[in-house]
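Below: one structure, written as structure tokens.
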């Protein structure tokens, strides 16, 4: 160990003495949701400030990505998500430069899955959760990590606030419901992306804590009773309205159209239909040439109608004629 430290110090002193530019240190790729940032650390250099150039291999030719930058990072998010990529960086000072430092990077395998978004809604004694897959850098707004990995699922863990016991579930869809929780209790929930075929898990989201309430849902049997009672009351009300309208109709009809009563003898006559038939056929059919005179029957006064009993049977002698001998 002491020999290695001595060799490193000796190398640094030799580089400083000869004026050689040291290479960048701790070169690494920081990739989250395909936002690929190549990072490094600037080495100690006595002559002045260093600049850096970063390149990537494309069709067997290295292409510049960042040139003469004073930053210690370079954005490679435009690289294809699939396949291996060779990247390299070097330090530069004036016309001098260090050796290249190479790394190999495969975005689809090496990128870190960031925390998903989550929306939590409390409904009585349950928590309704909706998950949002992380978005991808330099892609359409609707393009998410779920579109890249076919086996994408979620890991959800929840616990009572203030306790250490955690429960985990694996939803297959973008939503999940935690039911039958204790009422008036605060629960905390976290979610992360998970790839079963790669056995790769993403980063946990920040905990979201919500308090449940009491289940005030009306039982189904009570709903049925209320519905039946409502139907009965409606039918009863309709029946009452119909009876009231019928009474009003009858009263109005009698008030504006009083009933005309027939004589008793006409009622009896019309009550026997066979009498009507006999009366109809008792009269002979009239001829078209028959002439009818109008006959009026006038009742005689009672005073003038009085006669002697003997007069009713005697025949008068016409004037001017005497008895025959």
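Numbering starts at 1 and runs along the chain as displayed.
Each Cβ is built from the backbone N, Cα and C atoms, and glycine gets one as well.
According to Swiss-Prot:
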- 1-19: signal peptide (SIGNAL)
- 23-111: domain 'Fibronectin type-III 1' (DOMAIN)
- 49: N-linked glycosylation site (CARBOHYD)
- 68: N-linked glycosylation site (CARBOHYD)
- 102: N-linked glycosylation site (CARBOHYD)
- 114-216: domain 'Fibronectin type-III 2' (DOMAIN)
- 161: N-linked glycosylation site (CARBOHYD)
- 221-242: transmembrane segment (TRANSMEM)
- 301-325: region 'Disordered' (REGION)
- 305-315: compositional bias 'Polar residues' (COMPBIAS)
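Taking Cα separation as the measure, residue 102 (N-linked glycosylation site) is nearest to 68 of the glycosylation sites 49, 68, 161. Cα-Cα distance from residue 49 (N-linked glycosylation site) to residue 161 (N-linked glycosylation site): 52 Å (rounded to the nearest whole number). Remark: secondary structure over the domain 'Fibronectin type-III 2' (114-216) totals 4 helix, 47 strand, 52 coil, with classes taken from DSSP.
Using a 10 Å radius centred on the Cβ of residue 49 (N-linked glycosylation site) and all shown protein chains, the other Cβ atoms total 8.
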